[in-house]
């Protein structure tokens, strides 16, 4: 069985000239979840990628943009019932966003209530400097018998919170930037292979060396294979199989 590369978290709508490059992104051999930063962007993205076989659109309300897009929460709550994929959602406790932290928590809880009502969702979740609150809030709202599945995007939190998320069965999506961090590599060593996924968070992770999603994902697969003492092909197959199970 030939396997695809997997990108569970990117922002294709922020790519330069994406309107003219939709087919190119769809035919790269990458199973893709493209996230949105506001629910008002969801339907335009659905239309943009309507012809795609390998790109799925998620509806999101980015925690960094709560101050700008908080008024779109009712739209988010309504459209959650129309999409299986939810993201980017979560919380951010970084210095520049701490002033909206309590508001972020309130909105996350509201979103999770609707997710529980509708069920069978796949969430890609932002946790920067907020891992403990996000992980516990998701579990408190959805419980351990939820039909929905959780992906922690670009996890940078501590070991204790990571182990709790592992116990809850949450996935971790890894990008090439994470492999440049000693702490992230150590975290990856402790994440069971069956909970690993890959992402690019493109275009934000691109630089002079990694300029496209294929390069990013191949770099990440190679890095994961090294950490887990696997061949590149075996790791690619594992990630794809994890993605297939995620969709079940």
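In case you wondered, yes, glycine gets a Cβ from its N, Cα and C as well.
Taken from TrEMBL, the feature divalent metal cation 1 binding site applies to 9, 11, 88, 201. Sequence-distant neighbours of residue 11 (divalent metal cation 1 binding site) (same chain, 6+ residues apart, CB-CB distance under 8 A): 34, 35, 36, 37, 201, 202, 203, 204.
Counting every protein chain shown, the number of other Cβ atoms lying within 10 Å of the Cβ of residue 126 (divalent metal cation 2 binding site) is 24. Marked as divalent metal cation 2 binding site by TrEMBL: 126, 153.
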Residues within 8 Å of the 9, 11, 88, 201 Cβ centre (excluding the divalent metal cation 1 site residues themselves): 10, 34, 35, 87, 124, 153, 199, 200, 202, 204
Secondary structure at residue 153 (divalent metal cation 2 binding site), reduced by DSSP to three states: strand
Cβ neighbours of residue 9 (divalent metal cation 1 binding site) where a neighbour is any other Cβ within 10 Å: 25
Residues near residue 153 (divalent metal cation 2 binding site) in space but at least six apart in sequence (CB under 8 A): 8, 9, 87, 88, 90, 124, 125, 126, 127, 173, 199, 201
